[in-house]
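**Q** Got a structure for you, written out below as structure tokens; questions coming shortly.
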């Protein structure tokens, strides 16, 4: 064995000194199998496009899972912060969460172990009921412990990276933290009982929101059907004296002006021919003669 290591043959291997090793390290040369590898051999060992695509898919899937985990932790943190913002009491004489008065005249109180605040029994949670001395926690501290347990903060000694849910309504990722969609206020149909104002006019009920044509037709019909001598509820003159439709009904249908002018001219011609002077001149009618 000694001859093998310290032999005098020319082909025997000798361990290089530190200087040579440092020089070979700078020149990237050595006794490795990859030292004298050619460029063609290196290209032949490169990844194929299918392998690159598979690796990229694995990386993208890991990134998506990481984002989902951050969103899940963000929802837990948002819920905890919402509970902290909604406190109503001071934790001394009032319940920290609901603000109920504590003491002899109020409800019984318990002492939270973590935040050292007083809460009522409804807002407190008994953490260790099996022990002789019960351990009480408020809902905020209990939720904080739950966040540390479910987010892995107990392992990392702190809350990991998270993404808070969006504040825009309807854009939150989780339905429990998504605010209710704001629906546009629908215009309620106007009730006919409340929107219509009925007035007693001319013996019948007339709606104020009816069309003007229906009002005119109904009023003209009432004028025709109302007997003469009945007084108008809005005026003092009887219906027969108001020059309304009663006289027109008594006198019958009116004739056109052309027909009247024609009949008057014919009547005048007949009268003129009967009383005309034989000499051709018009004859004047004399008035009643007085006593001679």
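Using the three backbone atoms N, Cα and C, a Cβ is placed for every residue, glycine included.
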**Q** To which of the residue ranges 31-88, 89-146 does Swiss-Prot assign the term zinc finger?
**A** 89-146
**Q** Quick check on the binding-site residues: of 95, 115, 123, 138, whose CB has the lowest count of neighbouring CB atoms inside 10 Å?
**A** 115
**Q** Based on DSSP, name the secondary structure state of residue 141 (Zn(2+) 2 binding site): helix, strand or coil.
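**A** It is helical.
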**Q** Whole-number Å distance between the CA of residue 112 (Zn(2+) 2 binding site) and the CA of residue 95 (Zn(2+) 1 binding site)?
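**A** The Cα atom of residue 112 (Zn(2+) 2 binding site) is 11 Å away from the Cα atom of residue 95 (Zn(2+) 1 binding site).
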**Q** Give the sequence-ordered list of residues that share a chain with residue 141 (Zn(2+) 2 binding site), lie 6 or more positions from it, and have CB atoms under 8 Å from its CB.
**A** 112, 113, 114, 115
**Q** Output the one of 98, 112 that, of all these binding-site residues, has the highest number of other Cβ atoms within 10 Å of its Cβ.
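**A** When each Cβ's neighbours within 10 Å are tallied, 112 tops the list.
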**Q** So which other residues, same chain and not among 95, 98, 120, 123, have a Cβ within 8 Å of the centroid of the Cβ atoms at the Zn(2+) 1 site?
**A** 89, 96, 97, 99, 100, 107, 119, 121, 122, 124
